[in-house]
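Novice: Mind having a look at this structure? Questions to follow.
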Amino acid sequence: MTRWFERLRSRFLAFLHDLLWVPIAWIGAYWMRFNLGAVPTEFWGAAWELLPLVMLICALVYSSFGLYRGVWRFASLPDLTRIAQAITVSSLLVVLVLFLLSRNQFLPRSVPPLFLLFQLIGLAGPRLLYRRLKDHQLGLRPGERVLVVGADRAGEMLVRDMLRDRSHQYNPVAFVDDKLRRQGGDIHGVPVRGRSEQIPALVESLGIDLIMLAVPTASDAQMQRLVELCERSGKPFRTVPQLKSVLSGAISIRQLRPVSIDDLLGRNPVQLDWDAIRAGLTDRIVLVTGAGGSIGSELCRQIIAARPKRLVLADNGELNLYRLDFELAARADTPDFGVYLVDVTDRVAMEQLFARERPQTVFHAAAYKHVPMLEGQVRAAVRNNLLGTEIVAECADRRGCERFVLISTDKAVNPANVMGATKRAAEVICQARAQRSSTRFITVRFGNVLGSAGSVVPLFRRQIEQGGPVTVTHPEIERFFMTIPEACQLIMQAALIGTGGEIFVLDMGKPVKIRYLAEQMIRLAGREPGQDIQIQYVGLRPGEKLYEELFYEREDLLLTEHAKIRAARRGLVVPDDVAAALDQSRVAVEQADTQGLVQALRALVPEWQAQPDWEQLQSEERPQSTPSIRSAAP
């Protein structure tokens, strides 16, 4: 109410000022017409008699042109345009009305243009003077001089917060924006001074100390370009949070953060069919295995928004599970949930969990994922990724779950390593189950996620903090990347699209060279690759490929109802053959028979292409060991 009254008061005072200026302009025009001397009596009397009518006409015209929607503090070119239009129309209407009343008998021809000129001076002059005074005061304000990139809603929120809260000590000096219609205007008195390519020049000419990127809807390519321009300026830069904060009106200076690699490689926000997701998960009991991992924990956070009846967390990692338990317990919107410290390869424990919780939807994210490590740990890989999947899938089948969603990887396509082969075997297990079960067994396959525990991003960050070098296996190695939230949102959407037996492939965009990733992370840290921090190429590791694929050539990719999800269709598998290979795998795991493990994997994944010397190394009589890790797995 107070803000509304203050705004009404400001508009009334502006209207009163303009209205009081009308008699000054009107009488002044007569006085000027007669050379600043005595005005003849008949003209002088007519001027005063007509004044109330002139004031009424001007008041109506000024109001109709919206002269009081703006505030003097932020007077700009659009305001001056409206003033010019209003005084032109008011002057013409005065001439027309007086002509109809008296044929302009006592209205000299020079009075209307003089009246128009004096109106312009009286209405525009004080506004511009007031604006100039405030801008001068703003320029003298202490604090960092800020250039805001993006003159849209996010930029407006930032500047408003800076002007309102003096404790930040930020001084917004100018905007840059690539939209032509914004050039020459201003927001809250801060002018739009040019386009984004002028950032380096404006930083120098305006003495900018800090650049704020207020473009939450920018694509990865646009963000990369802006970051390069900011880097050329040599000044620090920050960015606003995600689009959802803009939509909720929650952007403030406190939320500014450094630009991360997610901002450069993350794409536009995923558009989800939340109605369908809620219909599939609301009031359901949902189980997430591997809940403490990067994907599993984010899935839990996303699932909460669908309001399940109960959320069941299962993981064999005590610390990660504790952290997630603590986080969810502190959230006000968390539904009823249960926590199980359990290994998916423990059949008895999993059967007890399913009997007690009776989940209706299962997201199976539990898996070993580190490629070089698993090359020397075949038994552990088969036991966890293959047999663990079979145990959870069998429990889901027996208990009549509605959906079972396997989280797979692009490394399962034409696998060149043990990890990829075991994940492809898990896909085959789910396909075989789908052919004989009322449970919908669905697989979701995608590439690397930024910031996960096993990705290069944390490794590169540590290496940069230590001053380098940053280790990359090969100059041409490339991978698909996606942010963790985007991947989890699409997993939920795919789970509800599937009818059973499908392998869904997420749209990962274009592959990114790991060399480029390293260079960008070095630059974001304020260093220059090759000068401040070196990039060292250490050679491909065991089981590593130069590039990954998202689907087989023999798989047909079909469109789905979601633009970022494709369905990979291939021939049916033979469930009896799968069962035989699983029996062989169990025996080989129990006997620690490496050759038996390899044969079982080959039976399930005949396309698995191990490295030439791999089988010879595995056949040596030695304990399973982990090869030296020289850089993280992309």
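Glycine residues also receive a Cβ, built from the backbone N, Cα and C atoms like all the rest.
Values in this document were obtained by computation on a predicted structure and should not be read as measured data.
Taken from TrEMBL, the feature transmembrane segment applies to 12-31, 51-71, 83-101. The domain 'Polysaccharide biosynthesis protein CapD-like' annotation in TrEMBL covers 286-568. The region 'Disordered' feature in TrEMBL is assigned to 613-634. What TrEMBL records for 624-634 is compositional bias 'Polar residues'.
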Novice: Mind checking which residues reach the transmembrane segment (51-71)? Cβ under 8 Å, same chain, six or more beyond either end.
Specialist: 10-11, 14-15, 18-19, 22-23, 26-27, 78-79, 82-83, 85-86, 89-90, 93-94, 97-98, 119, 123
Novice: When you scan the chain for residues with a C-beta under 8 Å from the transmembrane segment (83-101), skipping those not six or more beyond its ends, what do you find?
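Specialist: For the transmembrane segment (83-101), the list is 50, 53-54, 57-58, 61-62, 64-65, 67, 107, 112-113, 115-116, 119-120, 123-124, 127.
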Novice: For the domain 'Polysaccharide biosynthesis protein CapD-like' (286-568), provide the mean pLDDT of the predicted model.
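Specialist: Summarising the domain 'Polysaccharide biosynthesis protein CapD-like' (286-568) by its mean pLDDT gives 88.
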